Each structure stands twice: as C-alpha cells, then as structure tokens.
C-alpha cells in the first residue's frame with residue numbers, strides 16, 4: 001500500500017518524500033510491540049474475537065432479538081438446532097425450558113466478560129501495588145508483603161472461592177468478582193516484585209536519583225513503565241483463567257444466581273439432557289472455550305511482542 | 001604536553017552564589033560496606049576540596065574508592081550495605097551528611113549533579129530524551145510541558161546535538177554513544193548546578209569521541225564557572241582538563257598535586273608507576289612498564305602502606321606504619337603549594 005501512495009505523490013511536483021521519514025521515526029518498546037502485533041495472525045484473530053465478544057457484552061440486542069429469559073414451554077419439544085436460520089432465535093435450538101440457546105449465550109457474555117475484566121483489573125492493581133512496594137523498598141517491607149503473598153498463594157484458588165461464596169446468601173456479580181480478586185492477586189504480585197527488583201538496579205534509576213528525583217517519581221515514571229511488560233503479559237493470560245473460573249463456579253451453583261444469565265449455569269442445567277439435547281450443553285461450552293482461548297492467544301501474542309528474548 | 005590557557009576564551013562567568021566558602025570539601029571521609037564476608041573498607045579517610053570553576057581529577061584503579069567517594073558526595077550510596085562511619089561532606093560549609101533526605105534531594109540535580117559512565121544504561125529506555133531532559137525543569141522548577149520541552153531543545157543545542165528539534169522525541173537507543181553522553185551532560189547541566197561530578201564520562205566512548213566530549217565538558221564548565229570533579233583512570237584525559245589531581249589507592253589519597261607538577265615529578269611510587277605505564281612514542285620497541293601485582297582486596301588491606309606489596313621501593317617501615325599525607329617540598333625546603341604525598345620515601349621519589 002505505501003508503494004501506491006508514493007507513486008501517487010511523485011506525480012505532484014515538489015511533494016515531500018514521506019516514506020523514508022516514516023522509517024526512522026522514533027520507536028519505543030511499545031511502538032515496536034504494536035508493529036509486531038499487527039503482523040501476527042494469532043493477535044489479529046484473537047483481537048477480532050475479543051472485539052466481537054465485547055460487542056456482545058455491551059450491546060447484546062445487536063446479535064439477537066430474542067429475550068433470553070422468555071421461556072415458551074411449547075418450544076421445549078423443538079430443542080433441535082436449525083443451523084440454517086443463522087442468528088435467529090432457534091438456530092442453536094431451545095433449552096429444556098424452551099428458551100433460545102443463542103439468546104442465552106449472547107446475554108451470558110456480559111456476565112463472563114465483566115468477571116474476567118474486573119477481576120483482572122483489580123488483581124493487576126493490587127498485585128502490582130504489593131509487588132512494587134515489596135520489590136522497591138525491600139527489607140522488612142518485602143519480608144512482610146512476600147510472606148503475605150505466600151500465604152494467599154497457598155490457598156487453592158477455586159476451593160477458596162467456593163468456600164467464600166458459600167458463605168454469602170445472595171451472590172451478586174460483585175461478590176464473585178471480589179472473591180476471585182481476593183484470591184488471585186498473588187501471581188501478579190510475585191511477577192511485579194521480580195520485575196521491579198531487576199529494574200531498580202538499573203543505572204537510569206541511580207541517575208534519576210542523582211539528579212534529584214523523588215521516590216514517588218522514580219517509582220511511577222522510571223520503574224513502573226519498565227517493569228510493566230511482564231505484568232501485562234501475566235494479566236492478559238490470567239484473564240482467560242478468570243472467565244473459566246467464573247464458569248466453573250456457576251456450573252457448581254456457586255456463581256451468580258438466577259435470573260442473571262450465565263454460561264456456567266446453562267451448562268449445568270443442560271447436563272441432564274446430555275443424550276436428548278446435547279447442543280444445549282455443547283453450544284455454551286464451546287463459547288466458553290472460544291472466549292478463554294481468545295484471551296490466552298491474545299496474552300501469548302502480547303508476550304511475544306513485549307519480550308525481547310522471544311524476538 | 002600542551003597546556004591550554006584556560007583564561008583565554010572565558011565567556012562572562014556566571015554571577016551569584018556566595019564565593020566566600022569552599023564549594024565542596026570532603027573531610028576525613030570513611031565508607032564501609034558490611035557484607036557477609038566482612039567489612040569492606042572502600043574509603044579510608046579521604047580529604048579533598050573543589051572551588052567554583054576548578055577541576056579536580058580523581059585518579060585511581062578500579063576499586064580504589066574513587067567512585068564510592070563520589071556516590072557518598074551525591075548521597076546515592078546504597079545504605080545498607082554501605083555505611084559512613086565518620087567524615088564530613090561540606091557543601092558551601094554545610095555538612096550534607098547531617099541533612100535530612102529531603103534537603104539532600106533538593107541539592108541533587110539543582111546544586112550538585114552527576115554524569116555517569118555508561119549513558120545508554122543511565123537513560124530510561126522507555127522515555128524519549130526530550131521527556132527526560134524536560135523532566136528536570138518540570139520537577140525542579142515546576143515548568144509547564146511546552147516550556148520545558150523548549151528548554152530541552154535549547155539544552156540539546158547547547159551540548160551540540162545536531163538537529164535537536166527533530167531529535168527531541170527520539171529514544172536513547174537511537175543515539176550514538178557520543179550523542180548519548182552529550183544528553184547525559186545536558187541533563188546534569190540543565191539546572192546549572194554549582195558542582196558536577198563526572199564518573200568516568202568518556203570510558204564507554206570511542207577514542208575519537210572522547211576528546212570531543214571532554215572538550216565540551218570543559219567548555220561548559222568554564223562558561224558556567226562550575227566546580228568539576230572528574231573521576232577517571234585515564235591519565236591522558238586528565239592532562240588537558242584538570243587543574244589538580246588526587247591519586248587514590250585502596251580508599252586513600254596517596255598523592256595530590258597541580259596537574260602538570262604531577263606529570264613532571266610524581267612524589268609517590270604508585271603515581272610514578274602509573275605514569276610509566278603510559279605507552280610512549282619515544283620508547284617504541286621497548287617493553288611497556290606495568291605495576292606488578294593486583295590492587296589490594298579491600299576486605300584485608302595490607303598493613304602499613306597499602307601499596308607496599310607492589311612497591312619497588314618498599315622497606316620494613318612501609319609494612320608497619322601507614323604513611324600520612326604530608327606536604328611535599330623542594331629539596332631546599334621551599335613549599336610546593338597543593339602538593340602532598342602519602343609515602344615514607346617521597347623525598348627519594350620526587351628528587352632521587
């Protein structure tokens with residue numbers, strides 16, 4: 001494409017040559033990463049999937065005109081999918097209560113993605129806060145924070161979440177998010193602690209100190225941007241895991257309660273009709289897998305782009 | 001050996017600042033590092049002083065304590081493991097070691113700045129050089145983004161970076177080694193400090209670029225009438241730029257002298273050894289002299305004069321008594337201002 005542009009440009013007399021200027025434009029780690037990502041098919045596919053899923057979460061009405069809670073028992077005898085009627089209410093069939101499987105899948109996206117994204121944001125914030133403080137200040141601050149991290153690390157993630165959630169009578173979305181975040185921050189804390197320790201030894205941190213930068217400026221401007229890459233990688237990969245965890249909890253009946261639509265709950269409800277209506281179980285399961293896969297691929301692509309050793 | 005007349009092209013010296021007190025005076029400074037293997041005595045009673053407009057070169061091998069002294073002056077020593085058991089660092093008469101962290105931070109960058117050896121690793125790779133230069137003005141002087149950037153371009157022009165306006169948004173890795181060191185110099189100069197400490201500023205550079213960077217540094221120092229402490233192990237770099245030299249060995253100053261005196265008549269066997277180990281054109285074909293042995297392990301510094309195991313003149317007294325830094329005089333007893341030697345046999349060394 002740039003070729004055709006320059007050819008066009010040269011027809012205009014005195015037009016500045018744009019192409020060589022572009023080539024040696026300033027490129028930071030992040031611009032480099034973006035350059036790599038755009039050319040990575042893994043990234044493009046996962047990004048398209050994620051954009052679609054986000055659209056489903058934000059505006060489910062664009063994808064289906066059917067109310068996911070409309071249960072027409074007459075339809076329960078029409079459970080079979082009609083794949084020909086793409087995006088119609090019955091194209092993936094009806095579930096045992098006569099609700100459109102497709103509509104429920106679309107409306108369940110918001111729940112899954114909110115859990116995944118919110119948990120990741122919370123975990124990244126608190127995890128890197130703990131890790132950065134521990135890594136930068138070292139000494140007894142590090143000793144206390146690292147032991148605290150170890151204690152939380154010892155709690156099995158899903159089991160811990162189940163124990164917490166069973167103690168709540170009413171399980172709202174934020175309860176699920178908070179309990180997953182409460183148990184999930186340790187990995188990010190460890191990764192960011194390591195990254196900060198390696199960055200704080202760098203000469204440019206000493207140089208910033210020698211030129212009179214305050215502790216907060218050194219941390220925010222000079223250490224964090226250089227320690228962010230591994231944290232971002234771990235966070236994007238973990239996002240898929242949190243979505244899977246939410247589906248698991250919903251499946252076990254410990255996630256969000258009805259009438260909220262949730263993929264895990266639908267899979268759980270469908271397990272009794274596995275032989276008569278397998279699609280009611282398969283369709284939401286496939287969507288969970290695709291979502292988790294999309295975020296894992298996304299994280300992988302970001303890691304490849306940010307890690308200089310992988311180049 | 002050429003002598004540059006430093007007064008020849010001095011622009012208007014900067015006014016301001018009280019000149020009554022010495023700019024920087026280090027008194028009996030000791031620095032130790034407490035490690036698992038024991039106490040490493042990196043600096044053992046160093047004294048030196050710098051006046052405004054003066055250049056002091058601190059010369060010594062790796063591990064002689066020259067950089068540690070500078071870090072102590074800057075207050076960027078890692079403590080722990082570092083420790084300053086005794087000594088004073090007087091900046092315009094005030095002891096910086098007694099100041100609070102906040103007071104010291106305000107001096108850093110504004111009054112005293114430092115230039116580091118490796119400019120590539122001393123510049124933040126994720127921020128553009130323009131941002132890093134502008135940061136000096138934004139943090140210390142509270143300037144706005146635009147104004148600070150304009151000042152950054154001005155500074156880059158000042159240190160003779162070509163096409164400063166176009167390159168202000170470039171990242172450190174896009175500059176050559178010499179240009180990066182110029183940016184480091186520009187950062188240190190940004191707030192026109194009274195004192196600059198340059199820790200081996202040319203070591204990481206190409207020989208052809210070394211001279212350019214040193215000339216630039218000397219020129220800017222004259223222009224701003226700054227004090228300059230030049231830490232180096234390169235005798236060639238020192239000759240043209242420095243006013244006086246302090247030679248360090250095992251955490252002590254073993255000889256002080258005005259620069260040309262030192263080259264003419266060293267008063268310490270270590271200095272003599274250093275001078276003899278410079279390759280010379282008129283001695284082509286002969287074997288190059290080298291000081292035998294290795295610098296001492298700072299965990300167990302030899303008793304007496306630390307240089308005695310390597311010294312060609314060592315006697316019994318050198319193994320038992322630590323020589324003090326005494327004034328060096330002419331044979332007839334006439335004073336030689338600014339000269340001192342920490343050798344029991346300085347008379348024999350300088351006159352014999």
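Backbone N, Cα and C atoms are what each Cβ position is placed from, and that goes for glycine too.
Curation does not apply to TrEMBL; its annotations are automatic.
If you look up TrEMBL, you'll see A:109-299 marked as domain 'ABC transmembrane type-1'.
Here TrEMBL flags A:42-63 (among others) as transmembrane segment.
Per TrEMBL, transmembrane segment is recorded for A:113-139 (among others). Long-range Cβ contacts of the transmembrane segment (A:113-139) within its own chain (Cβ-Cβ under 8 Å, at least 6 residues beyond either end) map to 53-54, 57, 145-146, 148-149, 173, 176-178, 180-181, 184-197, 200, 219, 223-224, 227, 231, 235-236, 238-240, 242-243, 246, 291, 295.
Look at TrEMBL and you will find A:151-169 (among others) tagged as transmembrane segment.
Beyond the ends of the transmembrane segment (A:223-245), by six or more residues, the same chain brings 29, 112-113, 115-117, 119-120, 123-124, 127-128, 131-132, 135-136, 157-158, 161, 180, 184, 187-188, 191-192, 194-196, 198-200, 202, 205, 288, 291-296, 298-300, 302-303, 306-307 to within a C-beta distance below 8 angstroms of the stretch. Taken from TrEMBL, the feature transmembrane segment applies to A:223-245 (among others).
Note on the transmembrane segment (A:281-302): residues 33, 37, 40, 42-43, 45-47, 49-50, 53, 81, 92-93, 101-102, 104-105, 108-109, 112-113, 116, 232-241, 243-244, 247, 263-264, 266-267, 270-271, 273-274 of its chain, located 6 or more positions outside it, place their CB under 8 angstroms from a CB of the stretch. Per TrEMBL, the feature transmembrane segment maps to A:281-302 (among others).
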Query raised in the report: the transmembrane segment (A:42-63): which same-chain residues, six or more beyond its ends, come within Cβ distance under 8 Å?
Result: 87, 106-107, 109-110, 112-114, 290-291, 293-295, 297-298, 300-302, 305
Query raised in the report: Taking a Cβ cut-off under 8 Å, which residues six or more beyond the ends of the transmembrane segment (A:151-169) line up next to it in the same chain?
Result: 175-176, 179-180, 182-187, 190, 245, 248-249, 252, 254-255
